[in-house]
Amino acid sequence: MVSLLTMPMSGGIKTWPQAQIDLGFRPIKRQPKVIKCTVQIDVTELTKKRQLFTPRTTATPPQHNPLRLNIFQKAAAIAIDAAERALISHEQDSPLPKTADPRVQIAGNYSPVPESSVRRNLTVEGTIPDCIDGVYIRNGANPMFEPTAGHHLFDGDGMVHAVKITNGSASYACRFTKTERLVQEKRLGRPVFPKAIGELHGHSGIARLMLFYARGLCGLINNQNGVGVANAGLVYFNNRLLAMSEDDLPYQLKITQTGDLQTVGRYDFDGQLKSAMIAHPKLDPVTKELHALSYDVVKKPYLKYFRFSPDGVKSPELEIPLETPTMIHDFAITENFVVIPDQQVVFKLGEMISGKSPVVFDGEKVSRLGIMPKDATEASQIIWVNSPETFCFHLWNAWESPETEEIVVIGSCMSPADSIFNERDESLRSVLSEIRINLRTRKTTRRSLLVNEDVNLEIGMVNRNRLGRKTRFAFLAIAYPWPKVSGFAKVDLCTGEMKKYIYGGEKYGGEPFFLPGNSGNGEENEDDGYIFCHVHDEETKTSELQIINAVNLKLEATIKLPSRVPYGFHGTFVDSNELVDQL
């Protein structure tokens, strides 16, 4: 999505560490109300619980280094700033939906924290397995500045949390990914880019786009080097650690010998990548190729596919014809094919004219799945199969079943499909499902994989050494009470049997990350490995990293972290050999 500048209210801008001391959200002057949502937070109570937003440490406020402006630019800046102040004042008279209200979206342990330099010799309860040697890193959204208007959880600046483990000891650090937008905002000392989901809706969203383009034309900002936040995915590929969000190119990070994090910069694969890349590229464990998609919400082609050889050489882009720009957050690969979801959550920028969100559920569109050879050169090679009621924000795996002429896809089917982005009366459901695509009849079937269980399973993974091949186990977060995660489930995809690991008490977490053990590469020992989970205790306000044996779900070790770790998104593990080979 495109971005725009935002202006402060009078009285100055505060960075998050300053603003969290005073979070009644004074810039958002709305009447207290109870927001009808699954989170069930009374907004009048949030101002009484200011400690939920207060970090345990403080950060140094960003330095304010204003640009050198000519007379024309100064006049333009004054006029645009005045228009933005008027816009913000107007917005304060209108209620925000829960999906864009920062008092809901970044309350409690969803609120941001400052950076932390390396903290060594952390307390470890239990014993860290000897085979674990490297760095577990996890990405997440962490807004540097207090929102001046709407804000969605996905809008926050990218922050990566790193736990380095060596010889049974652990260290911790967390750092912002220094994206182009964050660097500009930090230099100016205030937010100047918009929130793609929280702010770009309705007439005010159109106004923000106009202000954004005006600032760019006047040279008040540089919007030519990307507007992404790099807050979602992580992948280690071709000796590079990449942080990603689907609104921009990846950003290359580097883990130092001490376990700290550095931003190398926006990475275009040595000039080969010209467009954004989604946050869930697929690394084939056998061929070592990286497969990716890129979607555009404004102009055709709305979707493109490409892949990178193990040494980072990009294939020609294959344009995939779609009738409307579609949100494609994830996809899947098999040994020989790519599975492309063309689903019902689409972008209709014209909806902003009627005061609505441009991210909409199109009930008239029929969802479908595209099966395409990995080495396809023409869109005519794609087999499209209709697949109603199969909206999956994430696909966990897929494989080929030659005996039945089918492609088997494992994903969590969500309904209502757009409930993450738009306010809905229905409660969200995320059902772990098996979708079978018959390549001969060109029909699909879907069934729930759980036996006599009604539980929301979302963020998670399978053994990545088996990606694209038949897998037996999936490790998925138990999203209860939504949107919190009270534990994770180990699901047998063959039998539907589910075993739960619950954090207990007021402890909640996020993605269960599976790290294969010494023998966790083959089909027989697929679950040999360990689960990493960042866990936060909402009663004691402390965070920890739990390491659980994936075979028997027994807790092996708990690493006590020196500061709060907000609930976040996706992670990966960089082993000691990969650390040495980093570029």
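For all residues, glycine too, the Cβ spot is worked out from N, Cα and C.
The Fe cation binding site annotation in Swiss-Prot covers H280, H329, H394, H570.
The Cβ of H280 (Fe cation binding site) has 20 other Cβ atoms within 10 Å, all protein chains considered. Set side by side, the binding-site residues H329, H394, H570 differ in how many other CB atoms lie within 10 angstroms of their CB, and the most is found at H570. Taken residue by residue with DSSP, H394 (Fe cation binding site) is part of a strand. Secondary structure at H329 (Fe cation binding site), taken from DSSP and collapsed to helix, strand or coil, is coil.
The DSSP secondary structure for H280 (Fe cation binding site) is coil.
Sequence-ordered, the extra residues of this chain that approach the Fe cation site, with Cβ no more than 8 Å from the Cβ center of H280, H329, H394, H570, are A232, G233, I278, A279, D330, F393.
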